[in-house]
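Each remark here refers to the structure printed beneath this line.
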Amino acid sequence: MDRMGDAKDQVREQAQSLILKLMDEAAPPMYVWERLAVGFKHKNYRSREGVCLCLIATLNIYGAQALSLSKLIPHLCAAFGDSNSQVRDAAVLAIVEVYRYVGEKVRLDLTKRGIPPG
């Protein structure tokens, strides 16, 4: 988790690559994400951003059926209010990706949580 917040781009990319490889060879994606979800509250903003970007990569590789998105959406909603703009932007990108896979159910869930439709 700490490596996802490293100052060097290459280290962050390799950390994400390792996580994705773990999903491919060692454990199912949701098992890995149950442990990775703590990263949404990491003290380093780059780690929080990296977790959002890793979620996007996971969705693009494994699709929505491999994840229990209802467990991850609250974390993304909390990231919308993050103090760092890069984390907020990554959370928006992640929710857009979730919407691509799930559709209107996500919009309804966000409305219930008080997130404006825009």
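Note that Cβ sites are derived from N, Cα and C of the backbone, with glycine treated the same way.
In TrEMBL this protein carries:
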- 5-105: domain 'XMAP215/Dis1/CLASP TOG' (DOMAIN)
- 72-110: repeat 'HEAT' (REPEAT)
Counts by DSSP class (helix H/G/I, strand E/B, coil) across the repeat 'HEAT' (72-110): 33 helix, 0 strand, 6 coil
Other parts of the chain folded back onto the repeat 'HEAT' (72-110), taken as Cβ under 8 Å at six or more residues beyond its ends: 33, 37, 40-41, 45-46, 48-49, 52-53, 55-56, 59-60, 63-64, 117
Mean of pLDDT values spanning the repeat 'HEAT' (72-110): 90
